[in-house]
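According to TrEMBL, the features are:
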- HIS179: active site, proton acceptor (ACT_SITE)
- GLY10, ALA11, SER12, GLY13, GLY14, ILE15, GLY16, ASP36, ASN96, ILE119, SER120, ASN121, MET230: NAD(+) binding site (BINDING)
- ARG83, ARG89, ASN121, ARG155: substrate binding site (BINDING)
- 5-147: domain 'Lactate/malate dehydrogenase N-terminal' (DOMAIN)
- 149-312: domain 'Lactate/malate dehydrogenase C-terminal' (DOMAIN)
Amino acid sequence: QNNAKVAVLGASGGIGQPLSLLLKNSPLVSRLSLYDIAHTPGVAADLSHIETRANVKGFMGPEQLPECLKGCDVVVIPAGVPRKPGMTRDDLFNTNASIVATLTTACAKHCPEAMICIISNPVNSTIPITSEVFKKHGVYNPNRIFGVTTLDIVRANAFVAELKGLDPARVSVPVIGGHAGKTIIPLISQCTPKVDFPQDQLEKLTGRIQEAGTEVVKAKAGAGSATLSMAYAGARFVFSLVDAMNGKEGVIECSFVRSEETESPYFSTPLLLGKNGIEKNLGIGKISPFEEKMVAEAMSELKASIKKGEEFAKNFK
């Protein structure tokens, strides 16, 4: 049943527009509801001229948000402000935390059963915010709330393929932990096909994966952050999720979710996806001493970001 009803909240933005284009292009999507605070009617009109079956509708402003969300199976949230040079993902906290809390409150009220995919940074805090909002409304299901970290995997695959002269489509590197700086932990030891790097090259590669977002922010010189690669990664995650919801077996993606795998209450690991979201957390698996050290070193930053999100949600009116 390729009849997924998908909403994009923040559809007019730098990530929202290319993400909506990729979703419109997919035979899996039958209805595409686009929401933003400006320009949505234009984006929707433009996309509606594309000769694919997804029915596109644009919604603008808070009063149209409930209508946008009704009946949705999947909601993707790229809304928020992008990073500028010199900013960390955490610097976006105050603005994006309010945006995510407001939008997920609407989701909890109008499509409590939907799969919620959060792209808005800092993901290490916006996922705990989303969970607390859903708890507050009595509709919390940890198997349906995902922090989209897929871009870290996409980048790891691309960079490893480039260094080894492999076809990137055949490279698969799990990336665990969180979605900021040193909380991004690529498990090169679990890469398929198996690859080996000398330690100095491994450290350089790992650092590049962790700071790849900053690489793009710098290259765009104030004109934005990673939007096109993020749109690709966001679409990849949504398509995997919808495939799994449609009954496809063996669909695995990493995502930042509520987790018992480590001492951190949220953690990204490979997840087996199914009809109801997370079917099984596949955990960290066997990792190298270098990777173990990264996991240990990420803990305090992860926990602090999570606590910051939870505190924010508790005081959010």
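Just so it is clear, glycine is given a Cβ too, placed from its N, Cα and C backbone atoms.
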Whole-number Å distance between the CA of GLY16 (NAD(+) binding site) and the CA of ARG83 (substrate binding site)?
15
Consider the binding-site residues GLY10, SER120, MET230 and say which one has the Cα lying nearest the Cα of ARG83 (substrate binding site).
SER120
Spatial neighbour of ASN96 (NAD(+) binding site) that is closest, considering only the recorded positions ARG89, ASN121, ARG155, HIS179 and their CA atoms:
ASN121
Residues with Cβ closer than 8 Å to the Cβ of SER12 (NAD(+) binding site), same chain and 6+ apart in sequence?
LEU34, ASP36, ALA38, HIS39, THR40, GLY42, VAL43
With a 10 Å radius around each C-beta, find which of these binding-site residues (ASN96, SER120, ASN121) has the fewest other C-beta atoms nearby.
ASN96
By DSSP, what is the split of the domain 'Lactate/malate dehydrogenase N-terminal' (5-147) into helix, strand and coil residues?
65 helix, 30 strand, 48 coil
Could you round the CA separation between GLY14 (NAD(+) binding site) and ASN121 (substrate binding site) to a whole angstrom and send it over?
14
By a simple count, how many Cβ atoms lie within 10 Å of the Cβ of ARG155 (substrate binding site), its own Cβ left out?
24
In angstrom units, rounded to an integer, how far apart are the Cα atoms of the residue listed as 'active site, proton acceptor' and ARG89 (substrate binding site)?
9
Any same-chain residues 6+ apart from ARG89 (substrate binding site) with CB under 8 Å of its CB? Would you list them in sequence order, or say none?
ARG83, ASN121, PRO122, VAL123, ASN124, HIS179, ALA180, GLY181, GLY213
Counting other Cβ atoms within 10 Å of each Cβ, which of the recorded positions ARG83, HIS179 scores lowest?
ARG83
